[in-house]
Amino acid sequence: MLGTVLLVLLALLVLILLQTQLCVCLREIRAASSSSSPMRNATQQSLPGAIIIGVRKGGTRALLEMLNLHPDVEVAKAEVHYFNVEEHFQQGLAWYRAQMPFTLPGQLTVEKTPGYFASPQVPERVWEINPAVRLLLIVRDPAKRLVSDYTQVLHNRLTRHKPYQPLEELLIRQGYIDPTYKALQRSLYYQHLARWLDVFPREQIHVVDGEALIRDPFPELRRAERFLDLPPRIAPSNFYFNTTKGFYCLLSAGGHDKCLDESKGRPHAPLRSQAFRKLCRYFREPNRLFFEMVGHSFSWC
């Protein structure tokens with residue numbers, strides 16, 4: 001009888017000791033977790049150190065996603081439109097910062113809003129907030145960009161069952177190119193860049209060749225890394241050609257692949273070759289002026 005009581009007491013003592021040790025271990029785990037969790041204590045939302053300012057339908061989404069392959073870069077997933085939409089701008093820097101991703105110390109925050117490039121008020125607004133910000137401008141053949149711009153608007157109108165005009169009716173009036181057509185005005189790169197250069201030094205604006213980025217992404221990304229003072233971490237192995245889609249997709253270091261959505265590579269709206277040639281002739285002088293400004297020529301029509 002006495003032996004049984006002693007066994008029971010010994011068992012209870014062992015249980016108490018085990019419970020005490022378990023509580024100590026749990027406290028240590030919680031303490032270590034709270035001190036090392038980057039999402040709780042080591043992250044913050046910072047204003048962008050770099051902004052992709054345009055151009056619309058020039059490849060800004062592709063450039064953003066490719067930069068996001070770099071471990072030292074975090075990107076705002078949605079277009080913010082802070083500097084070019086009054087309703088957003090009036091909400092102030094706290095609102096703008098809240099749209100940014102969480103970053104670790106030393107990481108670069110990047111946002112992209114292609115509407116910034118052609119908006120007259122934006123350069124000074126950006127300068128006032130961060131005169132040291134680095135600006136990325138991705139450009140493509142302005143005639144093709146215009147057709148792509150119209151194609152996106154057309155798709156949106158068709159989706160909403162709204163009427164639309166054929167591109168040629170919007171582009172040509174009485175046999176001449178209509179200079180008031182908004183999509184055409186967005187393709188006059190030299191006019192918009194002149195406003196940015198009135199505010200920012202040329203060395204703070206990096207021009208990315210949009211056609212080269214699609215054709216062979218890695219060289220353009222390596223140049224962008226150097227411009228952003230990032231260590232070279234993006235490699236040719238981060239890209240693979242998707243034969244079904246007809247363009248390069250991305251492969252992260254963790255083995256996750258990502259292709260741009262179905263709107264990328266959408267067939268262009270029809271435009272007669274005669275009208276397209278007329279458009280190309282219209283852009284010859286604006287293109288020449290742009291080439292002089294950036295110190296580089298592109299093989300555009």
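Placed from the backbone N, Cα and C atoms, the Cβ positions cover glycine too.
Taken verbatim from TrEMBL:
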- LYS57: active site, for sulfotransferase activity (ACT_SITE)
- LYS57, GLY58, GLY59, THR60, ARG61, ARG140, SER148, TYR248, LYS264, GLY265, ARG266, PRO267, HIS268: 3'-phosphoadenylyl sulfate binding site (BINDING)
- CYS249-CYS259: disulfide bond (DISULFID)
- 50-252: domain 'Sulfotransferase' (DOMAIN)
- 1-25: signal peptide (SIGNAL)
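A distance of 12 Å separates the Cα atom of ARG61 (3'-phosphoadenylyl sulfate binding site) from that of CYS249 (disulfide bond). The C-beta environment of CYS259 (disulfide bond), restricted to residues of the same chain at least 6 apart in sequence and closer than 8 Å, consists of ASN242, LYS245, CYS249, LEU250. The residue listed as 'active site, for sulfotransferase activity' sits 6 Å from SER148 (3'-phosphoadenylyl sulfate binding site), taking the CA atoms of both as reference points.
Most Cβ neighbours within 10 Å, among the recorded positions LYS57, ARG61, ARG266: LYS57 holds that distinction in the structure as shown. Of all Cβ atoms in the shown protein chains, 20 besides its own fall within 10 Å of the Cβ of SER148 (3'-phosphoadenylyl sulfate binding site). Counting Cβ atoms from all protein chains shown, GLY59 (3'-phosphoadenylyl sulfate binding site) has 27 others lying within 10 Å of its own Cβ.
Annotation for HIS268 (3'-phosphoadenylyl sulfate binding site): spatial neighbours LYS144, VAL147, SER148, THR151, criterion Cβ-Cβ under 8 Å with sequence separation of six or more.
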